[in-house]
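The structure appears right after this line, and notes come after that.
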């Protein structure tokens, strides 16, 4: 304790306590890299240990403070200490703290020589503008590139790191190979917490905030500068609105920001952060703090030992896991001590208390069984938490030793991923885990690492058989291989020497894992082949593989490549290569299928000496993407490990053979021709060909000591309730069943699944209500009586429990496992459970608990499909298969979990089958699948050609076709319906011994049997003997009956009557149901009307209707038959990935990888992809043709949707994603080699990131998006070929680019590609488009004449008739447009359907600005800040007219300023973009959007110009002699950009259309418009001036604008303000000036529009005629005709022109 003041002084100089700022988000990134001695407050992790907020700390420190801290450091004189003795004599946490202090002081001594270095870096001025920040920081970054790459993308160095950081970085290049591991600056750090018991008031010394001085002053100064820069940038990026209470007040935004380093920032005190509460107890008062850590308890004893709460006062204490510290530093704390220390995260305490109280309340009322179950779960969890305190392996160490003489170690903890690694104090780790340290240094110094020049890779040696087990196999424990395993090892070695890759296909339980590891060990020791060996295994067996490698081949370095992106990056940093030699560190890499596919590019880049695939039957489909990915890996030898090499067809066997030996088994057609069915002696030749490549042994042949396995099939009848439900399901689905072979497969399968559920238990069909039973006994009885199987199982388990047997119970259905678990709890039978939801360590705990010596667990509930192979439950001697699987192989695997090596008792297998049900028939048919397995693999027969089918498996889930399914469904149904409704008989009571005696029994006798007996014995289900033979003979007769004969007519009539009643109810209750449907729509359900429609029109509808009691049962899935083989979750994943790629139907392999659907065949994926695409197109078309609801705002419209199976798809969203990524898909080469050379063809603007970012990085980012999908930033980061690993997603969240910045950059780059593509296509198509244009003229001209005649002849309809006529004409126009556009465009454009039915391009961007653009706009609009503020807030007391005039003046002032701002640009694209940005900025100050404001401004400016130029227009009646300067300027503007003009009329690609329309505002007029290109002098007076070309161009202008005029028109009238009307010209006599078409140079390039309307759509507007009448100029002056009609809203025109004869045309949306 007396060293406390010393500690404080050291803390003052080191800034060490700053680690508690982890929760600020900088934990992983801003810590320094390699401080071996930074544990001044008792910490043990010193290299990336300190973790401070980089901005607040450095910005707050002045130069004088830095100098003071340096002086303090100079004064510290460390004593000499023997570190090892020091630890032995003082093993408490205080001693650890002191050792760290001494170590720190020694480091300070070494740094004195560097103190005089230059301070110029820190004096550098840090500008507040973002540009100067970036440019200067880039210079700094270049100086320190070496440090940057070591940080793994974590950003700039942090000032809170250790003193030895820079020195260590300099030493990196010179340190030897064993010390080449450097500490990361971006990972979770863990240190021993400070001695919290010493902190009385929780206040930390402010001096702790002083930053440490690195050995290099330049580094220190750079840190200062970087952090100041970040600080000022954070200030600059605040989104400040101009809306203030005092309009003209000078606010903070008007002031320039000063340099960050001149602005002192308040110091923040930093405290520890609670990560989670692990446990709670009542403990002795004061038994809290650092003395309660596990190492302090081991050293000094437990302060809580011997506490009895009844005899002495106690207090509630909580076990705390501290953020940034490993579990080894967990401490017990009270609420009081936590408050004293001012820790962060106290809200978690309240949550923990609330949860704890709820648990205690539940336990108080729970039954003893529930309490016991809860306690067991807690015990498992506690065991798991204890593992978190055990070091699994050390992966790095610091290069500098502490005062105690130990380096710090980077530790990976058991049961936790690599991302949870932490730096720990060397003295502590060496005391507790010295073995891990020895292994670590042994691995680092090992000479047995892989090297490319190993000669046996090029020339295989001669095979020498192993007569006895070599000494190197068996590990330290001296384990022995069995004889057949040694033979297997010899066979594997022989195959390798011969150059044959092979398949190890031993039956489950024979030790394929051990044989494989022994083979790798053989290569390692006999042939000095040190790897790299890749083992791809399922997740469920990965820990088993890891354990066996450690046991049998401990000399080999095996790395488990698993976890999230951070974990895998950690492995690649520390476990992959030696930093000096770049040679691989590991011999064996263990990974899973999923991780292999995620990191395909990285792992596929290595040359593997060996690839082994466990559970290789996942490769049986050669069309799956998993298969295609793995087969491309470079390997010298391949081994497939599978217990079931053949499941359904010979094609699957060929797929495996093709994978291992693609040259030898190259063609399936040749293989089928040689060994296919009908070929005499075909199988003999096949056996001979397979011999060198496939080894298959079964237990009874090789393991004579394995006890017998006896199977009994127990048949039982259904309970009365089951019979009722069974008949009810069949009756309800009568319509679907009666279709027979014309029905849908999915429909039959759904019925089948419902019947299988019914056979298992009634609760699967209709669960009971919560309060249905009064007591536990009644609930138990009802549970048992609801299933015939459970009645029998109950008797069986009671008998087995008496005998002392231990039981495995398998079911396919997880909900059935729930019911069985409930039953076992009622019976108080202790059990474990394993299904798909129980993962990783919990699964391992359950297995170990069951297999433990003296375990009291009686049952183990397992899902048939869960767990994979390799799970050993040999301590059980009884297997109950509650329901048989479609695939008999799964049941065999289930049995083998008990009947395997190590089993000492006879294994009894009881298969429960419901008599007279679909189950019985399924079982009979499924056994035929086993015959194939025997004929080919077991080599038992060579004449079974009639049985073998060589085609592909019909389905992975069910092997039956429609005819078989229909026959199975009829099985037993007739007998069932013979019992009258409501009089179903309960099954007869029978003694369990009698049942077992009568059951058919099959034993696997060791002697050879006949072929048929052997087949059935292997399958364990013999043909149904004795009492059931009659049933099988009756099957053909039963199958011939129709469902009308099976289901009684009265029951069918009753069902029809119920349906009629339901329909009538729906008709009468329609309004209420419509409301109801709205209320529940958020659940994704549908109204009952749609349900009844589907019920009558679809096969599978009727199925789902018939099985929905109490909203249970399978969901309604209408088109499920179209997507066979995909679950809803898989479809969701597919659609999510589908949206990430352009041209998704050409990128199915990438989609499958991203969606983790690599097991699916490309054919299935293509089918699903086409279903999605076509469904979206259809939904959009249906939506555009149907009437949408009016009213409501655009932003709220979700767009058309449709359903695929149970998944709702937003058609608009999917198509928009697809279209937006098309430019990327077209630009990036599909060939991988060409893709590597790709460079973006456009000039790109600078990216203001915190790292150097150039054109090459932009190109790599686009390549990454192409390969991995839009948004897959982590995958892009991990691809070494893209060189973005250290550039994107830095670990410091304050550093850019993070995901948000990458998305913005990607959008910008794709937009550039779109424009570039559009230009190229425009140039390439210019010639042909001119020819087409000439033909189009004539048609459009003819149409114009027709329209003119119609206008003349039409009389004005009554106002009341107007809307109907308008609608008719509108619909006619729209339909014409749709028909023509199909012909003129490459493909249909994706559209958003507005309420009025007019399509608007789907790719219109939302009006949002990124932060940087917003800031620029803000600065540019600062001169009109007052006008912006007043825009929406006119003075009080003004009349309506005055208010409107006020608003108009503000708008004119703002608009004129924008026009001035745009003059600095010459590029039309830039002008368009910045006009858009500035108007969007203006829109933030008013309720109008940017388009509306721009349009209103143009109206206002037009009015101003008209009033000024009215006299000029009257004096110049002839338009051809006008010399208005505006018109002259217009002609100049329109006389250039020929390529743009040519492309105007050409057939352009869809994407260009989208690109332009995304960016433009609705009200914009068009720059360099082609319609204004013709010289006015070409017109003659009178009607002759209207030549066809003139109309063609003008009408295109108007018809194209038609699409975009709809946005404003469909809004409700109250949405418009009077502002719009007042700002427009209401007088028809006003003359339009020539400058109307050119408002402030606001013209779009002629390439803006690419879609052409048909000639029927080109109608001139009545405005032209009205202007002609009102004007004193010549008849139909071209200038008058060319007024921008688009500037008037349709609403205004309908009001203005009602009195005119042609007002019908005025209302047409143009």
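Glycine is no exception: its Cβ is also placed from the backbone N, Cα and C atoms.
From 135, 1363, 1627, the position flagged in Swiss-Prot as phosphoserine is 1363.
The phosphothreonine entry in Swiss-Prot, when matched to the candidates 237, 642, 1459, 1466, corresponds to 237. Just one residue in 117, 173, 1102, 1540 has phosphoserine written against it in Swiss-Prot, and it is 1102. Residue 511 (ATP binding site) sits 19 Å from residue 471 (phosphoserine), counting Cα to Cα. Taken residue by residue with DSSP, residue 1161 (phosphoserine) is part of a strand. For residue 471 (phosphoserine), the Cβ neighbour count at a 10 Å cut-off comes to 8, with all displayed protein chains included. By a simple count of nearby Cβ atoms, those within 10 Å, the most crowded of the binding-site residues 508, 510 is 510. Sequence-distant contacts (6 or more apart, same chain, Cβ under 8 Å) of residue 512 (ATP binding site) comprise 504, 506, 614, 641, 643. Around residue 1161 (phosphoserine), the C-beta neighbours below 8 angstroms that are at least 6 residues distant in the chain are 621, 623, 624. Least crowded of the binding-site residues (509, 511), judged by neighbouring Cβ atoms within 10 Å of its own Cβ: 511. Annotation note: residue 513 (ATP binding site) sits in a helical segment as assigned by DSSP. In this structure, residue 506 (ATP binding site) belongs to neither helix nor strand by DSSP; it is coil.
Using DSSP to sort the residues of the region 'CHD1 helical C-terminal domain (CHCT)' (1409-1511) gives these counts of helix, strand and coil: 81 helix, 0 strand, 22 coil. Around the Cβ of residue 506 (ATP binding site), a 10 Å sphere holds 21 further Cβ atoms from the protein chains shown. Residue 471 (phosphoserine) and residue 513 (ATP binding site) are 19 Å apart (CA-CA, integer value). Listed in sequence order, 643, 696, 697, 698, 699, 896 are the same-chain residues at least 6 apart in sequence whose CB falls under 8 Å from the CB of residue 507 (ATP binding site). Residue 471 (phosphoserine) falls within neither a helix nor a strand when secondary structure is assigned with DSSP, and so counts as coil.
A distance of 22 Å separates the Cα atom of residue 510 (ATP binding site) from that of residue 471 (phosphoserine).
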